[in-house]
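Okay, structure first, notes after.
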Amino acid sequence: MAKHLFTSESVSEGHPDKIADQISDAVLDAILAQDPKARVACETYVKTGMVLVGGEVTTSAWVDIEELTRKTVREIGYIHSDMGFDADSCAVLNAIGKQSPDINQGVDRADPKEQGAGDQGLMFGYASNETDILMPAPITYAHALVKRQSEVRKNGTLPWLRPDAKSQVTFAYEDNKIVGIDAIVLSTQHSPDIAQADLIEGVMETIIKPVLPAQWLNKDTKYFINPTGRFVIGGPMGDCGLTGRKIIVDTYGGMARHGGGAFSGKDPSKVDRSAAYAARYVAKNIVAAGLADRCEIQVSYAIGVAEPTSISVETFGTGKVSEEVLIKLVRQHFDLRPYGLTEMLNLARPIYQATAAYGHFGRSEFPWEATDKAEALRADAAL
């Protein structure tokens, strides 16, 4: 019986890197709402008392970057200077310029179906049947913990919580099946007047126990709640934040490979984002069709070229048909050219700010989580 442990982490919406991601995607959404064909690459840097928004944008839209930034920070919960960051008093610097015409000529085409990829690169998508949302369990429950932290902070259940938080969950497996949770780490920013014992009890009873399935917890499960003992200084005052620095949190928690490209602040012509979403869509439909228990898709592109330079499938020995058959099915049922996948998933619209915290995958509100191709895939696989 093969035993192993696997760990994934997540961070809350108030983590500095996630503040940056949410601002970048708020800008993207505001532009796409006015101009669905806009080209946007928006990067954000946050530190004590300041936000710098930069990047390259080609659009007919006008958006108020300063107001968008303040609104986003306010909604996250940084509204007092004693937190080291205040939506209403922080400086907002705008350093956005225009996209290079050299990139435009490689992407734009008279026939939109032949739209070239906005850059070269490789992207991965993954799905696993170990949870009902066809996501790996470690990242799923790591997200659930910090999402719960945000809920009980915002609704006043635990009023001493502050926006910055991190979680980490270690699952125990036997023969690749979950047998329990080995360790849980949850660190949450808090007001200075809460006693450590009260914090630990509140986090355990209000966040951890309602979120993690009791059958996976046992007497040997280890809990680390604010293990340094104090977490008052957090958010951008504790660490600077940058767009695109939480790419494993954003995806599969390390359970699948990653091509290296970040998502937030990028319009759908950037295959770093759109093709990673399409690859998840493909992998999830293959698993939903029962063609594999686990599936990882890789696609790659050349700048200015519409057709992917490669498509590959890995099922880790769980495939019910050969990987050659799966690749043929993928090519038959999914258009993975940049324009095709944007149309297939209806990506040219303002849906991205919601992706920028608590993971881009495993959330039913997003179109790449649909399993509408599963039945046709299963039929054509002739299982």
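Using the three backbone atoms N, Cα and C, a Cβ is placed for every residue, glycine included.
A simple way to gauge crowding: the CB of Arg230 (ATP binding site) has 11 other CB atoms within 10 angstroms, across all the protein chains here. As annotated by Swiss-Prot, ATP binding site applies to His15, Asp164, Ala165, Lys166, Arg230, Phe231, Asp239, Arg245, Lys246, Ala262, Lys266.
Among the features that Swiss-Prot reports, Mg(2+) binding site is placed at Asp17. In the three-state DSSP assignment, the secondary structure recorded for Asp17 (Mg(2+) binding site) is helix. Other Cβ atoms within 10 Å of the Cβ of Asp17 (Mg(2+) binding site), summed over all protein chains shown, number 23.
Marked as K(+) binding site by Swiss-Prot: Glu43. Using a 10 Å Cβ-Cβ cutoff, Glu43 (K(+) binding site) registers 22 neighbours.
Residues or ranges marked as L-methionine binding site in Swiss-Prot: Glu56, Gln99, Asp239, Lys270.
The region 'Flexible loop' annotation in Swiss-Prot covers 99-109 and is backed by sequence analysis.
Whole-number maximum of the Cα to Cα distances across the ATP-binding residues His15, Asp164, Ala165, Lys166, Arg230, Phe231, Asp239, Arg245, Lys246, Ala262, Lys266: 36 angstrom.
Of all the Cβ atoms in the protein chains shown, 16 others lie within 10 Å of the Cβ of Asp239 (ATP binding site). Taking Cβ-Cβ distances under 8 Å and a sequence gap of 6 or more within the same chain, the neighbours of Lys266 (ATP binding site) are Leu28, Val40, Ala41, Cys42, Asp272, Arg273.
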